[in-house]
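J.: Starting off with a structure, shown below.
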């Protein structure tokens with residue numbers, strides 16, 4: 001009894017749903033033919049594919065003779081299922097009033113798309129690529145629509161729909177799923193990426209604004225080689241090349257960082273070399289060393305690249321540098337010779353006395369002598385002029401005023417001086 005009531009309730013709900021959606025057309029084919037899609041917990045409408053619209057049909061589950069919906073339901077060629085769940089997935093068969101086979105429909109359940117997760121990266125200064133992943137697994141066939149446009153400055157409304165700003169399609173990589181590539185981008189411009197996920201139950205869009213100089217991440221350097229330096233048991237020479245994806249231009253260069261460590265040592269030593277090679281001078285003698293290198297834009301745009309594959313090298317175990325014959329000098333001698341050709345080094349000082357006599361005709365020595373004579377002459381003239389000025393001043397002051405007593409005059413009374421009479425007034429002098 002309860003089962004019959006539940007069945008009746010199910011039919012009534014289906015009829016009500018059908019009446020509400022009677023004007024809704026059948027879902028368009030999406031994916032393989034004869035397959036329709038629905039969402040758990042929602043009503044689903046199936047259409048008989050082999051009859052005209054409105055033709056009454058009977059519906060059965062494939063392999064089951066029990067009638068699901070008769071031709072007198074008033075729904076014509078459509079079957080409505082209310083609040084479907086995983087038990088409703090499968091194949092349904094429709095037949096006309098005279099029992100002619102009308103077709104088969106397979107129902108698959110899933111979820112509508114969620115907002116996809118998008119990230120972009122540039123491996124050079126002209127092109128960038130974007131990859132994405134679904135926000136959730138829908139269980140349904142999915143397509144992605146990708147496009148981009150160049151963003152305009154605030155207030156430039158006249159250029160917002162200009163052909164020079166897009167939108168343009170972002171071509172999807174046929175060899176790599178969920179990836180599209182933008183070619184010929186402007187390094188200092190900002191772009192808006194549109195990735196829309198579409199499945200039979202709907203669509204969801206993600207918009208991402210990117211700047212090329214922010215998402216720049218070069219590929220790792222290539223061709224890393226590590227070589228020993230003959231005669232130097234603590235040296236290694238490492239060299240590498242630019243990544244093939246980076247077009248070398250004078251104003252778009254890369255800088256590098258290099259890490260190395262001896263075998264069985266977990267800690268890395270890091271240096272930032274200048275150019276495409278580095279001479280390691282503190283290697284551990286006799287141990288193999290792992291070396292790796294990464295790259296970044298010379299002006300620090302973006303981020304460092306991933307590390308290159310490790311290369312291994314062991315320092316030289318031969319005789320020391322001073323014991324190496326001239327004919328067997330290694331790579332370091334070539335580097336030193338090339339450096340001397342480009343910029344010859346000054347000769348090293350000698351400890352032996354020079355037997356050659358001094359050449360006083362040296363222009364530098366003559367200039368030094370003349371400078372010394374000039375300084376002494378100036379000082380002599382200055383002292384002479386000062387002495388002459390003092391003498392003239394004293395002479396002029398002696399002619400203009402009365403003569404002053406001598407140096408000893410204040411010390412000896414005048415009447416005691418020999419040959420000078422006593423001029424003091426006494427009564428004898430006036431008598």
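Glycine is no exception: its Cβ is also placed from the backbone N, Cα and C atoms.
Swiss-Prot lists these features:
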COMPBIAS  344-355  compositional bias 'Pro residues'
DISULFID  48-94  disulfide bond
DISULFID  120-130  disulfide bond
DISULFID  170-180  disulfide bond
DOMAIN    27-110  domain 'Ig-like C2-type'
DOMAIN    112-219  domain 'Fibronectin type-III 1'
DOMAIN    220-317  domain 'Fibronectin type-III 2'
TOPO_DOM  393-431  topological domain 'Cytoplasmic'
J.: Out of the disulfide-bonded residues 48, 94, 170, 180, give me the one sitting nearest to residue 130 (disulfide bond) by CA distance.
T.: 180
J.: So for residue 180 (disulfide bond), how many other CB atoms are inside 10 Å of its CB?
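T.: Result for residue 180 (disulfide bond): 23 neighbouring Cβ atoms inside 10 Å.
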J.: If you measure from the Cα of residue 170 (disulfide bond), which of the disulfide-bonded residues 48, 94, 120 is the nearest?
T.: 120
J.: Please identify, among the disulfide-bonded residues 48, 94, 120, the one with the smallest Cα-Cα distance to residue 180 (disulfide bond).
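T.: The answer is 120.
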J.: Quick check for the class: what is the C-alpha distance, in angstrom and rounded, between residue 48 (disulfide bond) and residue 120 (disulfide bond)?
T.: 45
J.: Could you measure between residue 120 (disulfide bond) and residue 94 (disulfide bond) for me? Cα positions, answer in whole angstrom.
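T.: About 49 Å separate the Cα atoms of these two residues.
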J.: Please work out the helix, strand and coil residue numbers for the domain 'Ig-like C2-type' (27-110) from the DSSP assignment.
T.: 6 helix, 34 strand, 44 coil
J.: If you count other C-beta atoms within 10 angstroms, which of the disulfide-bonded residues 94, 120, 170 is the most crowded?
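T.: Max Cβ neighbours within 10 Å, all protein chains included: 94.
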